[in-house]
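Single-structure report; data block below.
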Amino acid sequence: MDKPKAYCRLFLPSFLLLSACTVDISQPDPSATAVDAEAKTWAVKFQHQSSFTEQSIKEITAPDLKPGDLLFSSSLGVTSFGIRVFSTSSVSHVAIFLGDNNVAEATGAGVQIVSLKKAMKHSDKLFVLRVPDLTPQQATDITAFANKIKDSGYNYRGIVEFIPFMVTRQMCSLNPFSEDFRQQCVSGLAKAQLSSVGEGDKKSWFCSEFVTDAFAKAGHPLTLAQSGWISPADLMHMRIGDVSAFKPETQLQYVGHLKPGIYIKAGRFVGLTR
């Protein structure tokens, strides 16, 4: 075995753990013919940690939004930075656009409905992913759920438990050859480390937990995993072209950026993004 290949096999698992980079490596199609060289190659797909999966981004405005759109954001504050570090992601918060310039979210103040303007003001970067087959009735049901639990508390206990879970779950990325193994591994760790609250007993939510429950209540679950296991980054990775830790029930579509954020602006300045 030549040295480059040996080094690659030796350091790849360590690299994946330290970088928390989830990878899917698919075997070649056994039914492909020998002349089908492209089908015979291994397909390697890396998890995208940035807010966009391609090199270029699309800037949008409020009229481009639809009820039920997911608003992913980050800020320049210490809390946002800490969440992004532990989740190895570019996002720290997720909310739902309800229409009529209203946004439903769970923050330290609890579950609340605020204006889109306020949500944008508190964010450095804000981009939108969409559930492509969401019906108007399901969007209405999401709004009804948000109004029903409005002013509920914030799930601080869930957040405290989530911090060590975000660290230990990175071990599940060490086997890039099995998507099923990764999902079973993460689910197993979640069952062992995170508390489980009965549906009727829930009195508080954190942001991604609220979003996951809202879609489930509307009859359009984003994932069948328990809502208390899901982080903003997990929802972001359920988009088309990405690699998700939990199996998505539907793949989210990138709509665009309402606010590019300081890092994307800097990337544009030096020519890294368009």
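Note that Cβ sites are derived from N, Cα and C of the backbone, with glycine treated the same way.
The active site, nucleophile feature in Swiss-Prot is assigned to C207; the stated evidence is similarity to another entry. Cβ neighbour count for C207 (active site, nucleophile): 26 (other Cβ atoms within 10 Å of its Cβ, all protein chains included).
H257 (active site, proton acceptor) has a Cβ environment of 19 other Cβ atoms inside 10 Å. Taken from Swiss-Prot, the feature active site, proton acceptor applies to H257, supported by similarity to another entry.
If you look up Swiss-Prot, you'll see C21 marked as N-palmitoyl cysteine, on the strength of sequence analysis.
Positions annotated as S-diacylglycerol cysteine by Swiss-Prot: C21.
Taken from Swiss-Prot, the feature signal peptide covers 1-20, and the record attributes it to sequence analysis.
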